[in-house]
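**Student:** Supplied in structure tokens, the structure appears directly below.
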Amino acid sequence: MPQNTLNIVILAAGKGTRMYSKMPKVLHEIGGETMLGRVIDTAAALNPQNICVVVGHGKEQVLDTVKRDVVWVEQTEQLGTGHAVKTALPHLAAEGRTLVLYGDVPLIDVETLETLLEAAGNEVGLLTDVPADPSGLGRIIRDSSGSVTAIVEEKDADAAQKAVKEINTGILVLPNAKLEAWLNSLSSNNAQGEYYLTDLIAKAVADGIKIHPVQVRSSHLAAGVNNKLQLAELERIFQTEQAQELLKAGVTLRDPARFDLRGRLKHGQDVVIDVNCIFEGKIELGDNVEIGANCVIKNAKIGANSKIAPFSHLEGCEVGENNQIGPYARLRPQAKLADDVHVGNFVEIKNAAIGKGTKANHLTYIGDAEVGSKTNFGAGTIIANYDGVHKHKTVIGDEVRIGSNCVLVSPVKIGNKVTTGAGSTITRNVEDGKLALARSRQTIIDGWVRPEKNKQ
């Protein structure tokens with residue numbers, strides 16, 4: 001097998017006690033994706049022979065949540081990082097290299113790992129950092145010539161070693177030909193009573209194998225998450241980087257510090273996004289799209305020149321060109337709007353196709369429907385699509401005028417150019433061009449005396 005064969009082991013067995021959560025630590029999210037999912041995707045971009053993920057606490061929940069084509073290996077006892085890698089040995093090639101990553105180091109990137117792999121060659125590569133505060137972290141020990149000789153965990157370090165600022169990030173590259181022997185020779189005779197993966201550095205030095213340290217270009221790339229504060233700090237760094245990339249690409253963000261992207265955003269030119277907007281999943285924004293403040297948009301496609309007014313919520317929908325949506329509008333999954341559609345305040349559309357030029361400007365629910373072009377919904381229109389057991393479809397033609405406060409009881413068909421009187425409850429099909437009225441006649445009672453409060 002060629003020496004450049006790459007295996008990747010991702011350690012994800014920890015409980016994450018300091019997260020104070022019933023959820024396994026690696027399932028907490030950065031930018032709308034689990035930390036472990038992010039690390040696996042980064043690892044996959046290196047085109048390894050295989051990826052082994054070592055799981056332990058919450059194994060079933062991890063496997064159910066993180067749907068990836070990897071080898072899952074269970075560490076039944078939490079005996080340290082060295083023991084965790086050892087559990088993956090049966091799945092690693094006899095030759096080549098193994099890169100060790102961590103499921104709670106979510107922002108590690110391909111560029112950093114490629115640099116480390118190149119530096120390591122077929123020897124040992126070690127990713128290091130010099131953080132502002134190295135407390136609690138393993139120190140990189142060098143000899144008088146500057147060569148790395150060992151990593152000492154802080155609990156096992158003496159005063160001189162604790163004074164060292166350079167720390168071990170935990171990410172390293174190891175030659176497979178030596179890996180099994182080194183792991184089998186590990187001892188748990190230390191302050192933690194665990195098998196430290198970091199002890200392999202001293203073993204490599206003893207075997208005459210050179211250690212190639214690479215300092216990470218920015219501390220956050222190798223930062224681990226142990227509590228919710230650290231999770232929030234990395235989330236903000238991640239969001240800042242995404243905002244910067246969008247700004248460089250020509251998107252106008254009214255305030256980059258108040259923007260969240262939890263997925264992928266494809267955009268045209270002259271897109272404007274106001275403050276406090278959240279984008280989730282796969283988003284596509286056409287040219288000249290404007291998103292008002294405080295909108296939530298998830299898995300949506302919005303056509304050119306469309307305006308989404310503040311406080312609107314769009315999910316799983318398609319919006320055509322030149323649409324006016326909101327404020328306070330809600331487009332639910334399978335809502336498909338053609339061009340020049342107006343959807344106003346407190347209008348909800350779900351699983352409905354809306355034709356070109358149609359308007360629903362106020363207080364309307366359109367569900368499980370097919371609506372033609374240039375139709376107008378009066379305020380308070382409701383499509384009653386659910387009978388308590390099944391959903392039913394309503395079909396409405398072109399140039400229909402639905403009066404205010406109407407109820408269309410599905411299934412029903414409304415023909416082209418139909419008008420329904422305000423306050424009508426429509427339960428039967430209406431042919432083209434007809435006027436449909438379904439309400440009781442107004443009665444005026446003369447001589448009626450209105451009750452008054454007794455003033456005493």
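Yeah, the Cβs are placed from backbone N, Cα and C, and that goes for glycine too.
Found this in Swiss-Prot, in case it helps:
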type	residues	note
REGION	1-228	region 'Pyrophosphorylase'
BINDING	11-14, K25, Q75, 80-81, 102-104, G138, E153, N168, N226, R332, K350, Y365, N376	UDP-N-acetyl-alpha-D-glucosamine binding site
BINDING	D104, N226	Mg(2+) binding site
REGION	229-249	region 'Linker'
REGION	250-456	region 'N-acetyltransferase'
ACT_SITE	H362	active site, proton acceptor
BINDING	A379, N385, Y386, S404, A422, R439	acetyl-CoA binding site
**Student:** Can you tell me how many other Cβ atoms are located within 10 Å of the Cβ belonging to Y386 (acetyl-CoA binding site)?
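**Tutor:** For Y386 (acetyl-CoA binding site), the 10 Å Cβ neighbour count is 12.
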**Student:** How do the residues of the region 'Linker' (229-249) split into helix, strand and coil according to DSSP?
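**Tutor:** Tallied per class, the region 'Linker' (229-249) gives 20 helix, 0 strand, 1 coil.
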**Student:** Highest CB neighbour count within 10 A among the binding-site residues L11, A379, A422?
**Tutor:** L11
**Student:** So of all those recorded positions, G80, H362, N376, N385, A422, which one's Cα sits nearest to N226 (Mg(2+) binding site)?
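**Tutor:** Nearest listed residue in space: G80.
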**Student:** Can you tell me which of the recorded positions G80, E153, H362 is spatially closest to A379 (acetyl-CoA binding site)? Compare CA atoms only.
**Tutor:** H362
**Student:** When a 10 Å sphere is centred on the Cβ of G14 (UDP-N-acetyl-alpha-D-glucosamine binding site), how many other Cβ atoms does it contain?
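**Tutor:** For G14 (UDP-N-acetyl-alpha-D-glucosamine binding site), the count of other Cβ atoms within 10 Å is 24.
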**Student:** Record lists A379, N385, Y386, S404, A422, R439 as binding acetyl-CoA; longest Cα-Cα distance in Å?
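**Tutor:** This binding site's residues have a maximal Cα-Cα distance of 22 Å.
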**Student:** Give the three-state DSSP assignment (helix, strand or coil) for D104 (Mg(2+) binding site).
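**Tutor:** Where D104 (Mg(2+) binding site) sits, the three-state DSSP reduction gives coil.
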**Student:** By a simple count, how many Cβ atoms lie within 10 Å of the Cβ of R332 (UDP-N-acetyl-alpha-D-glucosamine binding site), its own Cβ left out?
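**Tutor:** There are 16 of them.
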**Student:** Counting other CB atoms within 10 A of each CB, which of the binding-site residues G80, G103 comes out lowest?
**Tutor:** G80
**Student:** Of L11, G14, G80, N376, N385, Y386, which binding-site residues come within 10 Å of D104 (Mg(2+) binding site), going by C-alpha to C-alpha distance?
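**Tutor:** So the list is L11, G14.
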**Student:** Given G80 (UDP-N-acetyl-alpha-D-glucosamine binding site) and R439 (acetyl-CoA binding site), what distance in Å do their CA atoms have, once rounded to a whole number?
**Tutor:** 75
**Student:** Mean pLDDT across the region 'Pyrophosphorylase' (1-228), rounded to an integer, is what?
**Tutor:** 94
